[in-house]
Amino acid sequence: MDTRLGSLDLSKPTSNDVVSCANANSTSPIQPSVPSTAVCSTDATLGRHLARRLVQVGVTDVFSVPGDFNLTLLDHLINEPELNLIGCCNELNAGYAADGYARSRGVGACVVTFTVGGLSVLNAIAGAYSENLPLICIVGGPNSNDYGSNRILHHTIGLPDFTQELRCFQTVTCFQAVVNNLEDAHELIDTAISTALKESKPVYISIGCNLPAIPHPTFSRDPVPFSLAPRLSNQIGLEAAVEAAAEFLNKAVKPVLVGGPKLRVAKASDAFVELADASGYALAVMPSAKGMVPEHHPHFIGTYWGAVSTAFCAEIVESADAYLFAGPIFNDYSSVGYSLLLKKEKAIIVQPDRVVIANGPAFGCVLMNDFLKALAKRLKHNNVAYENYHRIFVPDGKPLKCVPKEPLRVNVMFQHIQKMLSSETAVIAETGDSWFNCQKLKLPDGCGYEFQMQYGSIGWSVGATLGYAQAVPDKRVIACIGDGSFQVTAQDVSTMLRCGQKTIIFLINNGGYTIEVEIHDGPYNVIKNWNYTGLIDAIHNGEGKCWTTKVFCEEELIEAIATATGPKKDSLCFIEVIVHKDDTSKELLEWGSRVSAANSRPPNPQ
């Protein structure tokens, strides 16, 4: 059966002005089809078609930075009653916002101008590519008459060849569409958007600046909703893979399951939990899969991250005689400098469309979702690994109690953040020590969680928080951001205020790039200290709801959290937490030394 994409019951914002950030109801990209209707000839434009198509696939907020090549296109996006155009402070943050939005809605979009905007947003698009996020990057391109004219344009590097931007995007997007005539514009736009959805990767669409407002017969009807045929497993391969995996696992004494980040792109989180329910195996996640598997599951044992795993998790995983990894990414960060104590002959690796069993057979064209569901019916119940975990488990100790007015410690701060979490919150963890501290948070059922581990771009969290909060207005986002990362992208707190968001930002001020210090220290890791609350007060400037405070001790933190969750619950709350520069998690200390060792390996002998 085909999966259809369309729009139903999208709420209309009260304003279509560029500064309006009214939230529409959350919609899935997968919707029943709606019939196509005729469009007034003067409205049968490329700009309107693109706007309607974005709404159809579930995008109700587009993050943008205006530039002379995209202004006419922006006019058409504003005119779409079901679309909010959100102006960001820079293109990088617009891309990060679209990334955060896609993590919640399933697809995101940003609009920038040619080359100066495109190359600025490129870093965010690369991050989305690494995280398998469908993101539609739209660029306002040159006038269609200038292609091939041998003219030199502004916003370029001074050559008459306009392909520099396109060539940069080719390596970080799965499809590129350069729309410089109306005859094939309809086909190129639809192919790009549908490819983003099918491949779960970013796409690039460049639209000539003189084209969005011109009527054309191909746009004379509302876009027909996409009908994307679902991918199917090779049934013979699926049966063979399940049989081989079941034989392998049923012989094991203490097998375990470990979920990886590609559970998202495979849409297999539910199937993975079904497998855990049926098998009784101990259940863990890799760090970048946190939030994709319910942590209240009765057999959940924590995060498997080698030497920096949550307590007793690594001992159970690495001592198992069989482990199934669903959607893993084994890079130098997730493997703690390639130091995991895993053996290939004990492992079943399940990727979104492939299964590899130990040193033996591999099965292609087998979808993860199908494989996990079928395997759940073939496994014998075995809870030995979980019983072993339960036997050796000792509850986490609590941080030492602070004496009155003692300088605040990071572990105490996160103890209080833990108490804030519920099904109505979501956590965004910035690259740095927040990775490790947030990893130890126990997520209640329904609590969202996101961080960018594969790409690890500092500053990602500010834009991502903006986009994620816009996509899920019913949740209060709690962002944990280090001072060094915040300095990269701080401006778009301004956009959060324009959008009326009620995020709580914990700005952890420890005077530098702490994660870099633990990998390789040097004077370059020390940054200029800012008056962060003063900066946010200046950005606020009396417009919108905003509350800021600095905290130095536990008593002040408790009071700040009470205010943020009480009288200021409808405001953006910015809490600057002053901590010692050497106050880091023990996990970062261990991880940093191992990653440093991996980075410092001498060249292989020639």
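Every residue gets a Cβ built from N, Cα and C, even glycine.
The Mg(2+) binding site feature in TrEMBL is assigned to Asp483, Asn510, Gly512. In sequence order, Gly482, Asp483, Val579, His580, Lys581, Asp583 constitute the residues six or more apart from Asn510 (Mg(2+) binding site) in its chain with CB-CB distances below 8 Å.
The domain 'Thiamine pyrophosphate enzyme N-terminal TPP-binding' annotation in TrEMBL covers 45-154.
Per TrEMBL, domain 'Thiamine pyrophosphate enzyme central' is recorded for 242-359. On the 0 to 100 pLDDT scale, the domain 'Thiamine pyrophosphate enzyme central' (242-359) averages 97 in the predicted structure.
The domain 'Thiamine pyrophosphate enzyme TPP-binding' feature in TrEMBL is assigned to 453-577.
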### Query
So what sits near Gly512 (Mg(2+) binding site) in its own chain, CB-to-CB under 8 Å and at least six residues off in sequence?
Asp483, Gly484, Asn525, Val526, Ile527, Lys581
### Query
Applying the rule Cβ within 8 Å of the centroid of the Cβ atoms of Asp483, Asn510, Gly512, what extra residues of the same chain belong around the Mg(2+) site?
Gly482, Gly484, Ile508, Asn509, Gly511, Tyr513, Thr514, Ile527, Lys581
### Composition by DSSP (helix, strand, coil) of residues within the domain 'Thiamine pyrophosphate enzyme TPP-binding' (453-577)
58 helix, 28 strand, 39 coil
